[in-house]
């Protein structure tokens, strides 16, 4: 007690803003439930396991700790424990998850280092400052819990401000249960019932001719009646009904929808749902794409434990991160950097004052957690796994998407991880584990003059389009489509077992990447005019690890994203030596640089493509607005122009005649959106063009870049450009022969929903990593990958 009193100046009473780490050790995955419990520094409020708390004492000289030990209570019979079904996508909230966690007995002690002297808590003999400080630590929400609660609550429909006092006209309208039709046209689908006057009108028009004729929107503009409900979504479960608020411009909740419907004689309890919700369509598609096969469900797989076989617990839609991290810590550079050549103690010694915010510390912590085998042991429910929450916080810091609990694209996370680790190892190429993933892409453009230009940039993955016309099972596909068409006519559905999907060889995807393609509207400095050039792409260097992304997500009709339902035949060994680009060849003549070519034959001001303008004008838009849409999207096409137009309808001068100035004022580009595209690996000038063409929408801008490969070539017609940074000069190079070492598969209709799973070749056998479940693969779904990881075969 005297020793404690002598160190009272080292004890702090936590403030509400302090981050209190009482759930997990900041340098390991030890918790209060571990054998040695957890020690909370009563000055910094950092938590440490029994093996690591002495390191903190040596570094900080803080001697007073709160020792927390949790031991699981014996479980009552399952029949005595009511199961409560979650009704909200949330943790720690009424109706959410986490209500049925096992119960634990908790004990507390005050421990004084370095001798580990202990005092009981609670105790009236303890100094008041200590009692107050410990009470506040115990009662406070932990740092992990705070983040968890803030991130987990899913987006929820707001209650409309117009619902509770909605005016409903006594006009005698009674809505029949079936046979609906738009009051102003013949549309019988996508119908909306205005909840004020009972008018049934069709929904919004879509540029490709689908959808409605905008009659519901036009009715609101004329009457200002605010709420409408989509017919066909009303059932006895009113929560599933689609209610839209025009003034709030969003789907909303109407708490008294039953009352509003009864005004028009609608007995919602007798209605049957005739239109699928978005979630149901997604589930239906996911089922067809065979989740079971990717996850190897129903297979008698052997669970695996030990070093390198540690599962990662899903923190809430974090499978994208778990899949990528399992693969990265199966590669030699990451194992060497963060496990073999760096101990936990060494990483802690050089870490920041708060090691929970230090990327090097948290990467090392995860490496030792995954590769030591300490946390990979059988439990009652299989492997318990570890929770990489601190790493997620560090790596997602200042990133609005990765810091959320929403599902993300595994490729985007891989790219973000490489950037973060790169920044943490500036100029240190021997230590930087990302060096082995980088390579240089070289593009060669030849114009009709015969002269060429070269452009280089650095990347860490290749995106491959999937040429469906190269499918090897065309006969079976044709027979399947004929059978399906016949069954559709008979009103029958094809079973999952009968579905035939295209099979495309990986070689065809690689050939599509490196094959020649036309670049229209290429400005040739040799001809002083625009022309059509030919672009070929190759690799200037071959990386130690080659990452291939299969471009399964494309834009379908009406800007609706869709996923290609296709198999990729991937061999265990590939040779891409033929894809090497060797730069300027003997006899080749470079295109002259722009400055030496004289005046370019460019018009004084841009001219709109009249075909695009007329098509847009025919849909009812102002002619001058259509001209501006065509010009501001560089006459790229009707889709791009329509997208720009829809995002600029509110511009005050949208319908004004075009200025006769030599060049129009440059559209303002959102810098955050620009930097996001640049972080994806797109050149800045191309990113500007894409954002301009897509009205600032990042997803559509990304699609625009992929669908306009000529953009990167037409931006500059100089003879040779090199966008490789000085830091990239130590990029590795070697043989073009690779072996498949891992792949990440995705289930779902979008990269931002669904589930990710990793398969990794370890110790000569394929292993499936499905969050915290780790097992030997039985039925390897190698043809269903989204990301493929290849390792170079040494000569």
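Keep in mind that glycine also has a Cβ here, set from the backbone N, Cα and C atoms.
Pulled from TrEMBL:
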type     : residues           : note
DOMAIN   : 158-268            : domain 'UBP-type'
BINDING  : 182, 185, 202, 215 : Zn(2+) binding site
DOMAIN   : 310-793            : domain 'USP'
ACT_SITE : 319                : active site, nucleophile
DOMAIN   : 607-648            : domain 'UBA'
DOMAIN   : 668-708            : domain 'UBA'
ACT_SITE : 755                : active site, proton acceptor
Could you give me three numbers for the domain 'UBA' (607-648), the DSSP helix, strand and coil residue counts?
28 helix, 0 strand, 14 coil
Taking every protein chain shown into account, which of the recorded positions 182, 185, 319 has the largest tally of Cβ atoms within 10 Å of its Cβ?
319
Can you give me the Cα-Cα distance between residue 185 (Zn(2+) binding site) and the residue listed as 'active site, proton acceptor' in Å, rounded to a whole number?
42
Residues that sit under 8 angstroms from residue 215 (Zn(2+) binding site) by C-beta distance, when 6+ apart in the chain:
182, 183, 184, 185, 187, 201, 202
Treating G and I as helix alongside H, and B as strand alongside E, what does DSSP give for the domain 'UBP-type' (158-268) in helix, strand and coil?
19 helix, 21 strand, 71 coil
Would you report the average pLDDT that the model assigns to the domain 'USP' (310-793)?
82
Around the recorded Zn(2+) site, report the further residues of that chain (criterion: Cβ within 8 Å of the mean position of the Cβ atoms of 182, 185, 202, 215; site residues excluded), sequence-ordered.
183, 184, 186, 187, 191, 201, 212, 213, 216
Ten-angstrom check, please: count other Cβ atoms within 10 Å of the Cβ of residue 202 (Zn(2+) binding site), all chains counted.
25
Roughly how many Å separate the Cα of residue 755 (active site, proton acceptor) from that of residue 319 (active site, nucleophile), to the nearest whole number?
6
What number of additional C-beta atoms lies within 10 angstroms of the C-beta atom of the residue listed as 'active site, proton acceptor'?
20
